[in-house]
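> According to Swiss-Prot, the protein carries these features:
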type	residues	note
CARBOHYD	Tyr32	(Microbial infection) O-linked (GlcNAc) tyrosine
CARBOHYD	Thr35	(Microbial infection) O-linked (Glc) threonine
LIPID	Cys188	S-geranylgeranyl cysteine
MOD_RES	Tyr32	(Microbial infection) O-AMP-tyrosine
MOD_RES	Thr35	(Microbial infection) O-AMP-threonine
MOD_RES	Tyr64	phosphotyrosine
MOD_RES	Cys188	cysteine methyl ester
MOTIF	32-40	motif 'Effector region'
Amino acid sequence: MQTIKCVVVGDGAVGKTCLLISYTTNKFPSEYVPTVFDNYAVTVMIGGEPYTLGLFDTAGQEDYDRLRPLSYPQTDVFLVCFSVVSPSSFENVKEKWVPEITHHCPKTPFLLVGTQIDLRDDPSTIEKLAKNKQKPITPETAEKLARDLKAVKYVECSALTQKGLKNVFDEAILAALEPPEPKKSRRCVLL
């Protein structure tokens, strides 16, 4: 059975772990526990063939900047996450996350993933952002960034309501399997 390695990166507290737990167990975790490094595996059927989707969670906190890339070798696809209600996490996609993964894995495809879309219409969240003269990130803004950074595409979801959740992983699998160039050379290798 072929394995697809999918690594999830992004700022701390944008919902990377919730995304993975909600997808793999259909349950939403109730409390926030920062991740050091976890992985999950699910079997998915693609075109009648079973694949193991290996999902690797990483810590977004800066303390782990030297440790995190140890999970990058052999990655088939990255999910670069930001919260649609955290403009700073969106900014860090461009400033930190995409430079980091493209430095270590220049040929590995990645998707830009907007999380916490259930909060985009939440009055108290909107109010908090407005106090700092900020607004939630729109899909159009995120799609433009995805194009500028050469992401495979932009997808968004809510781990809480599961809206768009399965699509994120379906698109990740497609990105890992679609060969714009020979498959072997696209895996991340640290020398």
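Using N, Cα and C of the backbone, Cβ positions are placed for all residues, glycine too.
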> Mean pLDDT for the motif 'Effector region' (32-40), rounded to an integer?
75
> Any same-chain residues 6+ apart from the residue listed as '(Microbial infection) O-linked (GlcNAc) tyrosine' with CB under 8 Å of its CB? Would you list them in sequence order, or say none?
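The answer is Ala13.
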> On the three-state reduction of DSSP, what should I expect for Tyr64 (phosphotyrosine)?
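Going by the DSSP assignment, Tyr64 (phosphotyrosine) falls within a helical segment, counted as helix.
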> Work out how many Å separate the residue listed as 'phosphotyrosine' and Cys188 (S-geranylgeranyl cysteine) at their Cα atoms, rounded off.
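Answer for this pair: 19 Å between alpha carbons.
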> Rounded to an integer, what is the Cα-Cα distance in Å between Thr35 ((Microbial infection) O-linked (Glc) threonine) and Cys188 (S-geranylgeranyl cysteine)?
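Counting only the Cα atoms, the answer is 22 Å.
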> Measure from the Cβ of Cys188 (S-geranylgeranyl cysteine) and count the other Cβ atoms within 10 Å, all protein chains considered.
21
